[in-house]
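Chemist: I have a structure I would like to understand better, so I am pasting it below and will then ask my questions one at a time.
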Amino acid sequence: YFQVFKPVIQSVVEFFQPNCVVLQCGADSLAGDRLGCFNLSIRGHGECVKFVKELGLPLLVLGGGGYTVRNVARAWTYETSLLVDEHISSEIPYNEYFEYFAPDFTLHPEVVTRQENANSKQYLEAIVRAVTENLKCLVQAPSVQMQDVPPDFMECSRKDQPDKVQSSSATVEDGDEP
């Protein structure tokens with residue numbers, strides 16, 4: 001996963017040169033997720049968050065996704081600790097939800113994969129190359145316009161059409177009186 005994530009994110013950041021990053025941490029990529037099939041460990045998922053944090057840009061981190069709730073809680077707990085630079089124990093402290101984290105009661109359970117990793121190193125490198133090449137095809141980094149559009153902007157595209165105003169009884173052209 002890191003063979004793709006890190007170089008792709010680095011290329012995207014170099015191209016777009018963002019002033020900040022919104023990172024949506026969907027946990028459905030974790031091993032054991034009921035819907036996802038990426039098989040990432042909690043540490044692996046956290047490594048992605050850590051990498052983006054180390055870019056040094058203002059960062060807004062959001063949760064999302066994840067259909068095995070106990071692993072979502074583990075991931076977001078671990079990632080929060082990385083974001084605030086606080087080391088936490090791998091042992092989950094006793095609490096009213098303790099039984100949900102059975103049988104190991106740890107923050108980083110052993111990853112039991114449901115499917116074999118069929119991605120070759122060459123295939124992953126090809127993905128990185130394709131994304132990098134696609135970035136080069138963009139004329140410029142897209143952005144959201146943060147200023148008013150002049151009111152005559154819409155008129156520029158209609159210069160070749162005569163100005164007509166439709167009234168209830170007749171069509172009025174420029175210079176004609178209704």
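A Cβ is built for glycine as well, from the same backbone N, Cα and C atoms used for every other residue.
Pulled these features from TrEMBL for this protein:
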type	residues	note
DOMAIN	1-81	domain 'Histone deacetylase'
REGION	152-178	region 'Disordered'
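Walk me through the surroundings of each of these features.
Modeler: With DSSP states grouped into helix (H, G, I), strand (E, B) and coil, the domain 'Histone deacetylase' (1-81) comes out at 43 helix, 14 strand, 24 coil.
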Chemist: Roughly where does the domain 'Histone deacetylase' (1-81) sit in mean pLDDT, to the nearest integer?
Modeler: 93
